[in-house]
Amino acid sequence: MVMIFTLVTAVQEKLNEIVDQIKTRREEEKKQREKEAEEAEKQLFHGTPVTIENFLNWKAKFDAELLEIKKKRMKEEEQAGKNKLSGKQLFETDHNLDTSDIQFLEDAGNNVEVDESLFQEMDDLELEDDEGYPDYNPADPESDSTD
């Protein structure tokens, strides 16, 4: 009896040790997987260190991509007929636009004649005097100042 008891306790202790080893191995493996996952996540956020050379290479690629995008837009606008110039750009490129309105009126025969004598004498105009400023004279630019 004593011997069987000793054998059973020895086997039981050995089984407990084996179970403990399996548990610790599983825990270590789990910790190792978590640590590897954490390191992989850190690598995602770490990125490439920026140096002057890296930046200049990136900048050249970026500028090339922007240039391609602008060219595509220009082609699309030209195909769609959206390549309209502003008024300033039109006048800078075509100097005939300076006199085009006058030529249009002359060609149509609608010459507008202005009687300049109407604008020569300011005394003929019926301007109301401002009651708040009795010294105001619209023909005299120095009378605009208020004291």
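Residue numbering: from 1, along the chain as shown.
Every residue gets a Cβ built from N, Cα and C, even glycine.
Listed in TrEMBL:
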COILED    12-84  coiled coil
DOMAIN    47-108  domain 'ZC3H15/TMA46 family C-terminal'
REGION    102-147  region 'Disordered'
COMPBIAS  113-133  compositional bias 'Acidic residues'
Secondary structure tally of the domain 'ZC3H15/TMA46 family C-terminal' (47-108) (DSSP, helix then strand then coil): 49 helix, 0 strand, 13 coil
Arithmetic mean of per-residue pLDDT over the domain 'ZC3H15/TMA46 family C-terminal' (47-108): 82
